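**Student:** The structure's right below; bear with me while I get my questions together.
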Amino acid sequence: MKNYTSISDIDDLEGIIREARSLKVKNPESRVGTGKTLGMLFFNPSLRTRLSTEKAAKLLGMEVMVMNVGTDGWALEFEDGAVMNSDKAEHVREAAAVLSQYCDIIAVRAFPGLKDREKDESEQVLNSFKKYASVPVVNLESATGHPLQALADAITIQENNMVKRPKVVLSWAPHPKALPQSVANSFVEMMQRLEVDLVITNPEGYDLAPNIRKDTKVEHDQEKAFEDADFVYVKNWSSYENYGQVLNVQKNWTVDQAKLKNSNNAKVMHCLPVRRNVVIADDVLDSENSIVIQQANNRTFAAQVVLKRILECTK
Amino acid sequence: MKNYTSISDIDDLEGIIREARSLKVKNPESRVGTGKTLGMLFFNPSLRTRLSTEKAAKLLGMEVMVMNVGTDGWALEFEDGAVMNSDKAEHVREAAAVLSQYCDIIAVRAFPGLKDREKDESEQVLNSFKKYASVPVVNLESATGHPLQALADAITIQENNMVKRPKVVLSWAPHPKALPQSVANSFVEMMQRLEVDLVITNPEGYDLAPNIRKDTKVEHDQEKAFEDADFVYVKNWSSYENYGQVLNVQKNWTVDQAKLKNSNNAKVMHCLPVRRNVVIADDVLDSENSIVIQQANNRTFAAQVVLKRILECTK
Amino acid sequence: MKNYTSISDIDDLEGIIREARSLKVKNPESRVGTGKTLGMLFFNPSLRTRLSTEKAAKLLGMEVMVMNVGTDGWALEFEDGAVMNSDKAEHVREAAAVLSQYCDIIAVRAFPGLKDREKDESEQVLNSFKKYASVPVVNLESATGHPLQALADAITIQENNMVKRPKVVLSWAPHPKALPQSVANSFVEMMQRLEVDLVITNPEGYDLAPNIRKDTKVEHDQEKAFEDADFVYVKNWSSYENYGQVLNVQKNWTVDQAKLKNSNNAKVMHCLPVRRNVVIADDVLDSENSIVIQQANNRTFAAQVVLKRILECTK
């Protein structure tokens, strides 16, 4: 694996999930990361991604250097040809090239602005690092995708699946703030590659981008979507059509036990952080159906297998 | 030791002090923390606690991950049943459970609000982590206690004591801001378990909580309290009676050499940071009587023995 | 080496450059830093210095603890005899002495205020740590110098030099903000000790301090200065004469390819971060003449040789 910036960087999905699960059972004695350094750049806050990726790197023997861009370092310029006489002190061309001198892998978190769809879809921050870094780049959640989360999701579904071809429902849920579509996008892309029946359910106006949905079924009736579901993945996202907006939704989309009554005793997933009683009700999160903590735990092994494969490729 | 959230978690006080002092002399070759991770969560600033605990963990072979909650991560909700549609993005139930997936021990610093006594005494933050984490929890200073500091204090007094039963005076001193009672509380609790004559001296209105003081003598005349003292521990705290308030105190309570003249050449202690010439005068801090730096050094060995005992218990 | 706070701490310049270059080729197996801790204190932002010094320390086997003073810890007081009843919670006397308990080397970054020349030249922060710490102190850029940068610069010039005695030109360049003279100062001091012909070029009003310049030639005509140059080191600094001010400069001092046409195909250097098309034009930074990334890479080996020599000296 040369980089891990989107799901499409995975060739061998079954193999990578199998290897992640075996890393979870037993950390290998030979540490492929010894003497190697992971640099993690955060343009946005992070709990799980920060800690699970740091832990994964250290399990491989890597050193980890963490930078909160903007507070620890310098404001970055991304525009080519910019005359930098204002608030940006460093261009990504230098930042990425310099970090490549100190780090063997660079991992970047950069959320979308949610104002300008075209700009967000250009993935300027992530792609600039990919372009100007001379070492592999890992996506810690970008404007449009969160492939490490999606890999952890796939591992978690495999661990919990008890049927030949499970029904997996991705359900939109309410949230007071405008959130990116990135987690939902990568989850959909990941599920499209697994042996599952995927249904997306969301209110009108919240359909994901056509190039993400492809021919995946979208059901605007949440309870109908939940019928016979084996897995319900809950997540808010802001509107793609009315880009970045929080629309007025009449019905209550919060996921509670009552709504799951016609599911196949569905396991409930969420990438966390989750707003209780807004996105998912206490009665679900505190029940046996919730596998959100196991899912968060799998972030470590998703990151570990990705870093391991990248290191093996650059040796 | 299962957790270290208060002095009462110590069964074997003499044994733990002895082991800390032996760790100070010689770091053991076998590293009980190898492959284990300490997660440190700071809701408030920290210098000594942060660095000494990190150093202690690394001396044991542990990896350390540090989070400044609020700037690095997400604002946390602590109320059960909360409808999280406002500024809190994550509930402590998830945060503690998830951190337990990545860390083998979780250490938490969370100061009191000093507005609502009952709420502070409920130790909501610390106890929430203790309740929802599945790994041991260490107190890096909570609303009402600072047991790692108190253990370092006990080590320091033992190292410097030259009499059978020393007189130890805890003296209140002035400070421009309202500070917690936590250091004073834990110091009193610790001294009550050692072979010392403990006297607390503070202005009227600054008596510590009755359940902390118990039958310890409180002397409102500072100079009288200092007579024949072998150790003077200086520390400001805000009023417990007029909870969280800075009261108008007529007399000057700053500790200087003149006040110590009738002591038994007392050693002077403070947990640091100390405001010079407000809490303690330069002539004391720059004298041979001050053992504040040695005391700060012992923070490392206090933390090391606590982490070591917890790791030995979870093996 | 006992400390590294200025160029003058280097006795054996040729030897130290040779050792740094050999560390770059091959990291030694024996790790002199094992069991030792580097504490890094940042009063200001940092990217290269933070990461290269952390990496250097880890290459030597050291543990690294990083503190952003002010956000992670407590505001520090530096004045002797201060009555600390205002916003400063801790005096540098305690902070430095305590850090010396936890760290084997203390590294400090503290920029000048650029308001009061005399105060900046007193190097209060750096010198306070040097005075009150009981362990060696390393300068990560202080009010008036950046000796780790200057050592990396010397390594870079030696690596790229192809003539017996190269002509090295330090050129002032424009910048929207008032910047310290520290990088320029240390570069001049370093070049004065090497076998180079050094010329400084800057607009009238921007001459560096007389005690730095000594008898180094200052040429106010930039293009004339660049004639036959083998190396052009570009850097902005605020006025020393009109201390800390950004003066009105008529001519354009941005370094572009046209200005270098009469140079000896000069290699172009900058300490970074560099504002593109203000300090140096894209056509230079994106050309073969630019060696700024190699120069940034050498920061690691400059820091490594300095830390190694300090550790060897304290054994």
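All positions are counted from 1 along the displayed chain.
Glycine too: its Cβ is placed from the backbone N, Cα and C atoms.
Straight out of TrEMBL:
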type	residues	note
BINDING	B:S46, B:L47, B:R48, B:T49, B:W74, B:R109, B:H146, B:P147, B:L148, B:Q149, B:C271, B:L272, B:R299	carbamoyl phosphate binding site
BINDING	B:E141, B:H175, B:K235, B:R275	N(2)-succinyl-L-ornithine binding site
DOMAIN	B:3-159	domain 'Aspartate/ornithine carbamoyltransferase carbamoyl-P binding'
DOMAIN	B:182-308	domain 'Aspartate/ornithine carbamoyltransferase Asp/Orn-binding'
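Give me the local environment of each listed feature.
**Tutor:** Counted within 10 Å of its Cβ, the other Cβ atoms near B:S46 (carbamoyl phosphate binding site) come to 21, all protein chains included.
Remark: B:H175 (N(2)-succinyl-L-ornithine binding site) has B:N236, B:V246, B:R275, B:V278, B:V279 as non-local neighbours, by Cβ distance under 8 Å and separation of at least 6 in sequence.
Within the domain 'Aspartate/ornithine carbamoyltransferase Asp/Orn-binding' (B:182-308), the DSSP-based counts of helix, strand and coil residues read 43 helix, 20 strand, 64 coil.
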**Student:** Report the same-chain neighbours of B:L148 (carbamoyl phosphate binding site): residues 6+ apart in sequence with Cβ closer than 8 Å to its Cβ, ordered by sequence.
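**Tutor:** Same-chain residues close to B:L148 (carbamoyl phosphate binding site) (Cβ under 8 Å, separated by 6 or more) are B:Y4, B:T49, B:T53, B:V138, B:N139, B:L140, B:E141, B:R299, B:A302, B:A303, B:V306.
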**Student:** Using a Cβ-Cβ cut-off below 8 Å, which of the binding-site residues B:S46, B:W74, B:H175, B:R275 are near chain A?
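**Tutor:** Cβ contacts with A, in sequence order: B:W74.
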**Student:** Between B:C271 (carbamoyl phosphate binding site) and B:K235 (N(2)-succinyl-L-ornithine binding site), what is the CA-CA distance rounded to a whole number of Å?
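**Tutor:** Rounded to the nearest whole number, the Cα-Cα distance is 8 Å.
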**Student:** When each of the binding-site residues B:W74, B:H146, B:K235, B:C271 is checked against chain C, which show a C-beta distance below 8 angstroms?
**Tutor:** none
**Student:** Count the Cβ atoms, other than its own, that fall within 10 Å of the Cβ of B:H146 (carbamoyl phosphate binding site), considering every protein chain shown.
**Tutor:** 26
**Student:** Please give me the CB contact count at 10 A for B:R275 (N(2)-succinyl-L-ornithine binding site), counting all chains in the structure.
**Tutor:** 25
